[in-house]
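Some features that Swiss-Prot has for this protein:
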DISULFID  C12-C61  disulfide bond
DISULFID  C16-C37  disulfide bond
DISULFID  C23-C44  disulfide bond
DISULFID  C27-C46  disulfide bond
DOMAIN    2-62  domain 'LCN-type CS-alpha/beta'
Amino acid sequence: KIDGYPVDYWNCKRICWYNNKYCNDLCKGLKADSGYCWGWTLSCYCQGLPDNARIKRSGRCRA
């Protein structure tokens, strides 16, 4: 399992506004153990994602 910021089709992090429930639901939908809104980046962070999950590694958001 891996931890990280889930990304969308355009390699952009999932934005949140301090909404932990939104991120937890999003992450669990991606088969993670849990998730929360990381305040410094206003992005969802998932813990316990499957190894093949798409997370932010490098490259710019293409949107």
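In case you wondered, yes, glycine gets a Cβ from its N, Cα and C as well.
Mean predicted confidence for the domain 'LCN-type CS-alpha/beta' (2-62): the pLDDT average there is 96. When the disulfide-bonded residues C12, C23, C27 are compared by Cα distance to C37 (disulfide bond), the shortest distance belongs to C23. The highest number of surrounding Cβ atoms within 10 Å, among the disulfide-bonded residues C23, C37, is found at C23.
Between the CA atoms of C46 (disulfide bond) and C23 (disulfide bond) there is a gap of 8 Å, rounded to the nearest whole number. Reported as a whole number, the C-alpha separation between C44 (disulfide bond) and C16 (disulfide bond) equals 6 Å. Separating the Cα atoms of C12 (disulfide bond) and C23 (disulfide bond) is a whole-number distance of 15 Å.
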